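Some notes on the structure that comes next.
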């Protein structure tokens, strides 16, 4: 019998009306703004009324360094949420929205997989409720107003060479990384060099995901630094009077999206910054709403714990005042073998020796999460090629690192395949969490970058030229020294070289560029060759996506 694809499983799901899902959380129908029958936004008025309620337990799902195909972190997040509900706990899932770039590129969608999916899967992986389009429009409105201001006399005296605000689109397109705009003569403005980033790297995306409410959203938008004058003094979004119009475009996008899992459990899907080039977490407003409505909230942070979890702890939890109760590190036998030196085409063959070598990567991530004072458990996301000897080797290694490991079959079995992990998470969440960020607010910006590099990546030093160091000092003098840092680097390694696997020690982290995200409230350090506008692979997933003769989508995964 052929194995069903994710899209076939999702289509066969028996979805409940979204009002019924909301009612299970105590959300009245009038507080929902429906987008069809199976998805809705939760109104701001209802969310404001939740203030004062006690919070549930916050559970983070993170992972080891992934293979290019991902290791099922979202699948495990969904499965764990279903598993908690299965054992009688009131649980909600909080995940990010999907970007079109990876969907048509290499990684695929962001709705989970197998029997642990959020539905409607096709909508979620495409336009969903239009949030990303609103973010793209708001971002590019500001870009248009910058060039328009210069065209009509440049009263703010913006230096065209020092405009830092680029344009965005939600697609992988390397051709747009560096562009020249305003060509074509006097009628089109003053030519200047700029470029595009992918929408998920936009500061507007980060602002939407970190803002408390609409008022905070507009205030943060106004704080965006768009560029500098000749005397190097900053020009803000509020100086261009753009923040109000941007907030109008984002008004509906600020409301969290409610959907359901295949097993009809509630899921908030809202926001979608990448963890390698941004802070990698779903929105604060969705997480806070879920914490007021459920006893357990299961959320994820992008890629491995060196990126997503570190930013979840040091940026999201710090800025939003959140305190996680437990963390799950997702590992797969195939990724551990890859970290142990096995080629991608050989990952289906048993190799316990390589697996044990690769387990050093798992150990590093366990230690890093423990370093934040959060209790840890390991989820072994099962693949059919795993052998019993390999699974036992992972269990034994994790136990030696002080973390229990559970084999999870949620992809194939749904919540029934992850009950043991759910029980353990409940147990861990009842133990005291000694959560604390990695560094204090008052540490200098460059020292914060060094702290992340040395303690999380185990680097020997951070390489940054005097221009970067001077820029950081200038920002500190301007009052931005207390901001956390957001390290943008490859997700495949603790180094900036994607080919170096395992748990390397003593390497250097080169910082190529720094960017001030004053509205979001952090400083970005772009490390190595990471790009904020990805490119498509030689054989993009888009080549396999099409409509069948009945108009149904095929090839989406």
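Numbers run from 1 along the shown chain.
Each residue, glycine too, has its Cβ placed from N, Cα and C.
Residues or ranges marked as ATP binding site in Swiss-Prot (evidence: sequence analysis): 67, 68, 69, 70, 71, 72, 73, 74.
Annotated features, which come from Swiss-Prot, shown on the structure.
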| residue | record | CB count, 10 Å |
| --- | --- | --- |
| 67 | ATP binding site | 18 |
| 68 | ATP binding site | 12 |
| 71 | ATP binding site | 23 |
| 72 | ATP binding site | 27 |
| 73 | ATP binding site | 28 |
| 74 | ATP binding site | 26 |
